[in-house]
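A.B. asks: Have a look at the structure that comes next, please.
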Amino acid sequence: MNLDELRSVQSKERKKDSLQNLRPSFYQEVGDYIADLEDERDRVAEQVDDPFSSPEVSQLTDEIETAKDVVEAVYERRMGKLVKQASLAAAGMAANDEGLTAEEQDLFADLVDRIGSNKSRVLDVLEGNAVEAAADGQRISDGNATDPTADQSLASDPEPAPTPPEPEPEPTAAPPEPDHAPADSDPPTADGSSGLSPAAAMGSGADDSPPAESGEDRPHEPSDRNSSQREPTDQRSASDEALGGDPSTGADSTADGEPAGTDATTADVDRVTVKITQDLGSILGVDAREYSLATDDVVTLPEENATPLLEREAAERLE
């Protein structure tokens, strides 16, 4: 195991959508390789007077840190692919579980078991609710079939249910007031209907004149509850129609407008083609895109991201 092999594994893992085949002891070998480097660094540090200024110690430290970064990047990229394959296997679909390391094989089996058990729990809960509802329905039907008195009790139960309409006589006591009101305030109705004056101000005078006739029909309105109920439903339907049109058009306009803005900002970014000379890992560009940068990669970056790399000699301009 060496750093070149690790970089080769990382490069291949980036290019493939599926998991590449690795030895079962891959991570163990990487751990032993890093441990050997650390032991060698400790030996060199003991032999020199100033370990912090020793070039050999610095070189070993850089190699250790690079190896850790590379193997961590390989692991994270493989985990996303591994979870996807485990979900397919739990759903009974074909999954590729070949070429996994020993640690990844254990994780794959654990994920499949957990996904399957969680699915069973959810289905059991749903089936349990369905069984309880069916049992309740059977109990009611069995009680009605065995006890004829139950039918009478059920038939009598709906009769007390209408008792709530008893509060209805209370509004009936109010009608006498409107009966006197139109008689005493027939002339003022035109002026006294101050609640309708804003509508009259917003609309035409010809359309508002009919409400004067509604004063004659007022004695019939309190007695006819259906008419009083129809008016709020008409108002609700009108308000629903008014609310249904505007938001839809506004949502469409915003949905159409947003992509145009994002495309414009992406098109305005100046870009530079460079060759990466150091392993930099993943960076987030000013164009909101993630770039994974490794040695010898040739990429086109936004100029604002490429300039610091060129200044640090971590990249070479190719344009």
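The backbone N, Cα and C atoms fix where each Cβ goes, and this holds for glycine too.
So TrEMBL says this about it:
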- 1-18: compositional bias 'Basic and acidic residues' (COMPBIAS)
- 141-154: compositional bias 'Polar residues' (COMPBIAS)
- 159-176: compositional bias 'Pro residues' (COMPBIAS)
- 215-239: compositional bias 'Basic and acidic residues' (COMPBIAS)
- 272-318: domain 'Gins51 C-terminal' (DOMAIN)
- 1-21: region 'Disordered' (REGION)
- 133-271: region 'Disordered' (REGION)
A.B. asks: By DSSP, what is the split of the region 'Disordered' (1-21) into helix, strand and coil residues?
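C.D. replies: Counts, helix then strand then coil: 13 helix, 0 strand, 8 coil.
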A.B. asks: Do you know the DSSP helix, strand and coil residue counts for the domain 'Gins51 C-terminal' (272-318)?
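C.D. replies: Secondary-structure composition of the domain 'Gins51 C-terminal' (272-318): 9 helix, 21 strand, 17 coil.
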A.B. asks: What is the pLDDT of the domain 'Gins51 C-terminal' (272-318) when averaged and given as a whole number?
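C.D. replies: Across the residues of the domain 'Gins51 C-terminal' (272-318) the model's pLDDT averages 89 on the 0 to 100 scale.
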